[in-house]
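Chemist: Take a look at the following structure, please.
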Amino acid sequence: MTATVERAPESGTVRRLLAGGLVSGAVLAVLAATALTAEEAVPGIALPGPLVEYGLPVLRVLLDLAAVAVVGLSLLPKLLGFDEPERTEPVMRRARPLAVTFAWAWAVLALVVIVFQTAELNPGALPTPGMIAEYVDNVGAGQGMLFSAACALAYAGFGLLAVRFGEKVPAELRIVIAFFGLLPIPVTGHAVDSVWHDPIMISMELHVMGSAAWTGGLLTIIMLVAADRGLLARVLPKFSRLATLALVLVSVSGLVNGLATMALTQGVELPGAVFTSDYGLLVVAKTACVALLVPFAAHIRFRLLPRIAERQGTAVAAWAAAEITVMGLAYGVAVALTTASMS
Amino acid sequence: MRRILTVLLFACAALLGVVTPAQAHNVLIGSDPKDGAQLATGPEKITLTFDQPVRQGFAQISVTGPDGSRWEDGKTAVDSQEVGVGVRPLGPAGQYVVGYRILSSDGHPVAGKITFTLTAAGPGTASQPAPASSAAAPQAPDLSAQAAEAAQNGGAGMAVLWIAAALVVLGGATVVALRRTRGPGAAE
């Protein structure tokens, strides 16, 4: 209906809208959730200052978003296919340096997060290299972050080779390294001690990988491919199947993880704790985010996709921007959830 | 796609094998004296019991009296699931707050408090109202000593060194490569 002839100026606004929506949604959600779940002051115990208390979650969520961007950009070559290099190569030529940049951001943020985590454990003291080494040596969360940073750096290395040599660097290799870097992140979050620990951990890994593929894929497609209707007609249906799978995977694994973690923690009574504990409330908030995503996703899938497949102009970018903002909110809540108290 | 999934699942399994000496978020399940207890005589020791073993180091317990004075005595000791600290003979009657912050076995700091009420005044006097930071301070020297030891043994210190080196090399390569692509890219 609307005139979509002038593509160039519009795509700039769309890009700002997407990135702005995702980042501001995530940061606002994490700040609100952190304020809600703030550790109550305990007399006689030094707690970390506001810089650490709010800085650490914000850095954590920015790290997640950088990782999401890297995963999305890695999936792009698989979604574009390799049949028509003259059409896909211009897109890929923009995607590859972007992937390297975001991998850098990911690695640096992971290292800064380690410093902040050390500061969180040593309130009132400025972290020294010795304290940081001690933290990484002793605490699994530090080792996980270090491993994630190493993967991000390895990705940056392979990404650079891809910038130089193009698709001769296998796309699968980059996808695997990017996902590998995601794996240790949930290990730094909550865990339960029971025979169900391993299944819950696997479901958590699936949750993280599913949400990264979903958010990252949608973000990259709308950012880099939406301007070319012919290409979008080919890529979006392919991605739509992946997204449907991710939606089911993410919502099921998320609910299972949240409820199982509460059920297996001593002193937490299940039906009541959902609405009384910080953890339970955040699980409810995340469930609400996913519920909110469904209508957006369904609109794109069932109303817009048939028209996109016929190469008609649609408002898909605006709908996707709304969807991605909600995803940002969910990421923000997720970061607060990893450290929220159970009781 | 299927090949990637297989690789990922294997990676997942391998990682789990390495990282998971089952660690959980600690929850306070009991204490001596109990939360909200009414005591005629002050306890000699406060013991907090968690559902999981607590990590050594980082644990702090404080006992704050009704007038804001501090009554804990000595260093906080961690014995598996139990964290304890000695208490000086308590003084005025009223509500005492036991605050704690421990490092949970999954690596998160967990803080909280319990309270008990002293019904009859004890013999103790608030001699030194300890500043709040004193609990954290004594840990700093032995921390850095341990870290130096770890660095010598090639623990995290070496890893940090490797990562720093990788950062420098990759950083240089990124700048060179991106500048090279931007050159012809600007023309199109």
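Cβ atoms here come from the backbone N, Cα and C positions, even for glycine.
What TrEMBL says about a protein is an automatic prediction, not a curated fact.
Note that the structure is a prediction, hence the values are computed from the model and not measured.
Quick paste from TrEMBL:
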- A:17-38: transmembrane segment (TRANSMEM)
- A:58-77: transmembrane segment (TRANSMEM)
- A:98-119: transmembrane segment (TRANSMEM)
- A:139-163: transmembrane segment (TRANSMEM)
- A:175-196: transmembrane segment (TRANSMEM)
- A:208-227: transmembrane segment (TRANSMEM)
- A:233-337: domain 'Copper resistance protein D' (DOMAIN)
- A:239-259: transmembrane segment (TRANSMEM)
- A:279-302: transmembrane segment (TRANSMEM)
- A:314-337: transmembrane segment (TRANSMEM)
Chemist: Can you give the mean pLDDT for the domain 'Copper resistance protein D' (A:233-337), rounded to a whole number?
Modeler: 89
Chemist: Thinking of Cβ pairs under 8 Å, which stretch from A:58-77, A:98-119, A:208-227, A:279-302, A:314-337 has the most of them with the transmembrane segment (A:139-163)?
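Modeler: So the stretch in question is A:98-119.
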Chemist: So which of A:58-77, A:98-119, A:208-227 is most in touch with the transmembrane segment (A:314-337), counting Cβ pairs under 8 Å?
Modeler: A:208-227
Chemist: Do the transmembrane segment (A:208-227) and the transmembrane segment (A:239-259) come together with 3 or more C-beta pairs under 8 Å, pairs six or more apart in sequence?
Modeler: yes
Chemist: Between the transmembrane segment (A:239-259) and the transmembrane segment (A:98-119), are there at least three Cβ pairs closer than 8 Å, leaving out pairs fewer than 6 positions apart?
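Modeler: Taking Cβ pairs at least 6 residues apart, the transmembrane segment (A:98-119) and the transmembrane segment (A:239-259) are not in contact, as fewer than 3 fall under 8 Å.
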Chemist: Would you list the DSSP helix, strand and coil counts for the residues of the domain 'Copper resistance protein D' (A:233-337)?
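Modeler: The composition, in the requested order, is 92 helix, 0 strand, 13 coil.
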